[in-house]
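As annotated by TrEMBL, transmembrane segment applies to 110-132, 138-159, 189-209, 286-304, 311-333, 353-375, 387-410, 433-453, 473-494, 500-524, 536-555. Residues annotated as domain 'Amino acid transporter transmembrane' in TrEMBL: 113-224, 285-549.
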Amino acid sequence: IHSHFQSTFSNLLSTFSHPWSTALVISYFQPFHVEPRNIVDDDPQERVSAEAAILNSRVHYYSRLTGSSDRLLSPPNHVIPRPEEIYIYSPLGTAFKVTSGDPSSKNPSIVTIFAVWNTMMGTSILSIPWGIKQAGFTLGILILIIVGLLMLYCCYIVLKSPKAIPYVDTSDWEFPDVCRYYFGKFGQWSSLIFSMVSLIGAMVVYWVLMSNFLYNTGQFIYNYAHNVNMSDSQFGTNGSDRVICPYPNTDPGGNTTPTITTLILDGNGTSDNSLFKNWWSKTNTVPFYLIILLLPLLCFRSASFFARFTFLGTISVVYLIVLVTIKAVRLGFHLEFHWIYATGFYVSEFRLLFPQLTGVLTLAFFIHNCVITLMKSNRNQEKNVRDLSVAYLLVGLTYVYVGILIFAAFPSPPLFKDCIEPNFLDNFPSSDVMVFVARTFLLFQMITVYPLLGYLVRVQMMGQIFGNHYPSFLHVLALNVLIVAAGVLMAKFYPNIGSIIRFSGATCGLALVFVFPAVVHMISLKRQGMLRWPSALFHSFLILLGLANLIAQFFM
């Protein structure tokens, strides 16, 4: 008996030392008794099969030998049950059948591509024409292509980074976990801080835009109800497709005097209109009205209800593309090429303000903090790189299409190209019906997305500080009040979404796009003995590029 036990034990150790072996010596060590467990399925009180129960006990036995993060002593393939035999056991002795392991539950490539496209497309699309104007038409298009390629490469590094870590189970890791692995607590907290910058920056931009869209929507309804013919006392063109210049202080040519559109009312509505303007102001009142609606929504314990309305984002982007196309066809193209110096109504093709566009694009192409999760749902994991590249191509084409059409169709003369606003919808009057529909779509979309962003901020921040996503109502309320206050203050005193986007994009991009991915990649290559000086120089250049992008924002 002693000899038989010694032989069996040595064979068992041999199997543990070589986890890739398919030897069945584990069968000598089968458990004597398997406790019956109930299954919650179509038939109540159904028993687990003896084979499945034994396999489950074996997996539990292996899990006691080492930590779950160590691959050296992971269960061999013949011990892992088939997908149809996998159950999740609760402490009450109930087993729930796992159905998510079915490959059919994952998304095909086309769905994954458009999921990435839909996630990346955000409020930055409204600022792309302004960014191209700041950089110059030709330089702006070149920068958009180059920044898109650099962002794609850095996103590729992020996507591949968990798989480059040996002997550790990284199947459920995100990029902050990778940063914690390489840089310890510093990497974990710094990635958290910069992730908060991107999320809170997006929430501030959302608050400014929601104030803008709510104001213009209310203005449209008021004008329609009171028969106001012309709603804006601003410089602009005439005709059915009217374009306005909200801040016509810049006069590069100095040879023309724009006309002022007057406000025409039916009847004696001057006093009523004055009272309405006092209570319905884009910066003084509307940002505060949003608090009544959005602050309670932020305090919801779960954000699952708002996640059902994410399809509004796709509808809004598609409608924006249709709107831009129709406006460009009706307005026609107004382009002149002046390579170095601005002339008359036009801007030069190369301008020194181009870092403003690079800052906007850093946030416009930013998906690095969630790309690993998005690509996990892809059915064809071996095609992740291809699908990610196609998604970036579609996003880049969308930005180029909207940016070129708005810039080219902006009527110059009589208006200057410098009149293009950071939110190009502001160049259309509130009385424009098609623009009113676009603002309404975007308003409802942002009202549903804003609580989701707040939920992400709460989960990441509260989880790291208190170890609980919802420590108490007072904790959550205090955090939400600070976030809302930041949005209200920016909407009141500095409602320039272009500057907010470029600063938040350059700040979070410095760490999560350029520094951390480049350093992680170089460390990984060095540990494998594959780091060469051309690679080191290129990735060091990426770090310097991200740093220069952030510093340049303060001089624009």
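Placement of Cβ uses the backbone N, Cα and C atoms for every residue, glycine included.
The list of residues near the transmembrane segment (387-410) in space but at least 6 beyond its ends in sequence, with Cβ under 8 angstroms from a Cβ of it, reads 109, 112-114, 116-117, 120-121, 125, 128-129, 131-133, 137, 140-141, 144-145, 148, 151-152, 155-156, 159, 243, 317, 320-321, 324-325, 327-328, 331-335, 361, 364-365, 371, 375, 378, 380, 417, 419-420, 424, 427. Across the domain 'Amino acid transporter transmembrane' (113-224), DSSP classifies residues as 99 helix, 1 strand, 12 coil.
Between the transmembrane segment (110-132) and the stretches 433-453, 500-524, 536-555, the greatest number of Cβ pairs separated by less than 8 Å involves 500-524. Counted over residue pairs 6 or more apart, the CB atoms of the transmembrane segment (536-555) and the transmembrane segment (353-375) come under 8 Å in at least three pairs, which marks the two as touching. Using a cut-off of 8 Å between Cβ atoms, the transmembrane segment (189-209) and the transmembrane segment (353-375) share at least three residue pairs, counting only pairs 6 or more apart in sequence. In terms of C-beta pairs under 8 Å, the stretch of 311-333, 433-453, 500-524 lying closest in packing to the transmembrane segment (353-375) is 500-524. Only residues 6 or more beyond the boundaries of the transmembrane segment (311-333), in the same chain, are considered here, and those with a CB under 8 A from a CB of the stretch are 114, 118, 121-122, 125, 240-241, 243, 398, 401-402, 405-406, 408-411, 428, 434-435, 437-438, 441-442, 444-445, 448-449. Distant neighbours of the transmembrane segment (286-304): 207, 210-211, 214-215, 218, 280, 447, 450-452, 454-455, 470, 473, 476-477, 480-481, 483-484, 487-488, 491-492; these residues of the same chain sit at least 6 beyond its ends, with a Cβ under 8 Å from one of its Cβ atoms.
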